[in-house]
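What TrEMBL lists as ATP binding site is 27-31, His93, Arg127, 178-182, 209-214. TrEMBL lists 24-256 with the feature domain 'Phosphagen kinase C-terminal'.
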Amino acid sequence: MSIKETVNNPHSHWMDGTGPESDIVISSRVRVARNLAHLPFPHLLSREKAEDVIHAVQTAIENRVFREKMGKMELTRMNELTPVERQILVEKHLISPDLLEDFERKAVVLRDDEVLSVMVNEEDHLRLQCLLPGLQLNRAWELVSRLDDGLEATLDYAFDEKLGYLTACPTNVGTGLRASVMLHLPGLVMVNQIKGVLGTITKLGLTVRGLYGEGTEAKGNLFQVSNQVTLGQAEEDIIANLISVTRQLLGQERAAREALYRERREQLEDRVGRAYGLLKHARVMTSDEAMSLFSDLRLGIDMGIIKNIPAPLIIELMVLTRPAYLVKVTGKDLSPVERDIYRAQLIRKKLSAAQQS
């Protein structure tokens, strides 16, 4: 799939809902930060040196041995994309919002299936990423590790015998690994336990962020939980710890859902039904309202209250109805009011098609 096909297609493999525990764990992601030896970190790079990094990565992915091992991966400079196309890559979680800043000296590498990607000249020279549906952290780490080995065969990484891999941010020094899961936790929110649960998580050395990472809100009851530091820990231990905490969260979320169904069934079914009704019939819909209603509807689908809508469609709609995709779909710039009208129209169309299939 070319980069143009990627930005025109709202679906990604991580939205499939095919992985383990996918009723709660929307996706698993593993990123590793790497820097090239003998070059300043990206925020200190001259434009010429930034070009050197991009060229080095381009050469590495075109290497015959690398292609045989990893398949075809395509590098795209960020300045080759329109502002809308760049934002779509953020909305699909294929790049971070940071890659949009000073984009003239940055690039992204994508594999056809969008499972593997590399951000070039973000906070570090390289940010390798694997994104999979459900709870698949071990598999994601396996794929990223293979990609890392493939690149390191050609590239000279900045590495210290005592500290490990050197990174721009001190919290990433060591393994350079950041593992995360995106969780849908409406049950814990509805029973007012989410604050206490997330507070406990932070005490365990993990961090909680919103839908699009650091500094973003947890809209749609979606939370990203990830490790905080990497120094002095083996990659396998970081992954195992996050899996263990995630399984605890799964148990707590399922218990909350069961309590809601047992003790407040009518209110729960009413909330889900109202969300479904609004999404099917509303003529104007803000982004925040849509995210809240999507969460309620997804909960209803996962609990068997709504039976004729596939669960993965809701995650796809969360991406498809974001501002950049609406501009892409309509082919024109939209005012906020027009955007809300088109969003509602698109949701009605997609839900209607799902019912008839």
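Each residue, glycine too, has its Cβ placed from N, Cα and C.
Keep in mind that this is a model prediction, so the values were computed, not measured.
Sequence-distant neighbours of Val30 (ATP binding site) (same chain, 6+ residues apart, CB-CB distance under 8 A): Gln129, Cys130, Leu137, Ala140, Trp141, Leu143, Val144, Leu177, Arg178, Ala179, Ser180, Ile239. DSSP assigns Ser27 (ATP binding site) to a strand segment in the three-state reduction.
On the 0 to 100 pLDDT scale, the model's mean across the domain 'Phosphagen kinase C-terminal' (24-256) is 93. Cβ neighbour count for Arg209 (ATP binding site): 17 (other Cβ atoms within 10 Å of its Cβ, all protein chains included). Long-range Cβ contacts of Arg127 (ATP binding site) within its own chain (separation 6+, distance under 8 Å): Arg31, Val32, Ala33, Arg34, Ser96, Val118, Met119.
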